[in-house]
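The structure appears below as structure tokens.
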Amino acid sequence: MGKCQVISHPLIQHKLSILRRQTTSTKDFRELVNEIAMLMGYEVSRDLPLEDVDIQTPVSKTVQKQLAGKKLAIVPILRAGIGMVDGLLSLVPAAKVGHIGMYRNEETLEPVEYLVKLPEDINQRQIFLVDPMLATGGSAILAVDSLKKRGAANIKFVCLVAAPEGVKKLQEAHPDIDIFTAALDDHLNEHGYIVPGLGDAGDRLFGTK
């Protein structure tokens with residue numbers, strides 16, 4: 001079974017508290033999502049493999065470390081996942097970026113996929129699948145399904161806020177997936193929103209209703 005890790009770094013928790021506030025502006029919300037994603041990236045990438053490399057400093061030759069193994073791909077679930085991409089790219093600027101488009105049917109609460117655009121070598125890459133919210137788990141499960149259909153095998157799901165119901169569903173559907181979140185909240189309400197949550201991340205990121 002994949003793990004669910006809550007990243008409780010003080011800076012992340014401080015910024016998340018501001019992010020949750022109803023009075024936080026669109027501009028500040030967007031910046032905070034970017035900053036939290038970047039800070040989470042350090043923990044999410046902790047187990048990336050390293051290899052020895054010979055280099056010449058201004059003083060002498062030395063053997064140091066550099067990233068090795070599979071290349072990275074960052075795949076946001078549209079539209080809200082877009083807000084997390086730049087923060088992660090600031091750490092791994094050579095990563096490719098794919099897109100999986102989803103919207104939620106407000107009557108059934110089920111996700112509907114409308115776009116899949118991925119690097120051609122997605123099956124050779126370690127993937128950070130990103131979405132600010134893990135609520136019902138439906139979108140995350142469908143996105144992982146899409147990635148696995150295209151040969152992807154090394155996938156981490158990264159979100160800012162998760163509900164226990166969504167974590168349980170994702171782990172049951174894909175027990176090989178590790179989940180990284182900044183907060184594990186209380187529950188989902190009758191509308192499928194995380195409580196206390198932070199509202200609709202997409203609307204708050206882009207200033208829409």
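The backbone N, Cα and C atoms fix where each Cβ goes, glycine too.
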Of ASP28, ASP200, residue recorded by Swiss-Prot at the 5-phospho-alpha-D-ribose 1-diphosphate site of ARG79, ARG104, ASP131, PRO132, MET133, LEU134, ALA135, THR136, GLY137, GLY138, SER139: ASP200
Between GLY199 (uracil binding site) and ALA135 (5-phospho-alpha-D-ribose 1-diphosphate binding site), the C-alpha gap once rounded to whole angstrom: 11
Binding-site residues compared (ASP131, ASP200) - highest count of Cβ atoms within 10 Å: ASP131
Binding-site residues clustered about ILE194 (uracil binding site) [Cα within 10 Å; pool: ARG79, ASP131, MET133, ALA135, GLY137]: MET133, ALA135
DSSP state at ILE194 (uracil binding site), helix/strand/coil: strand
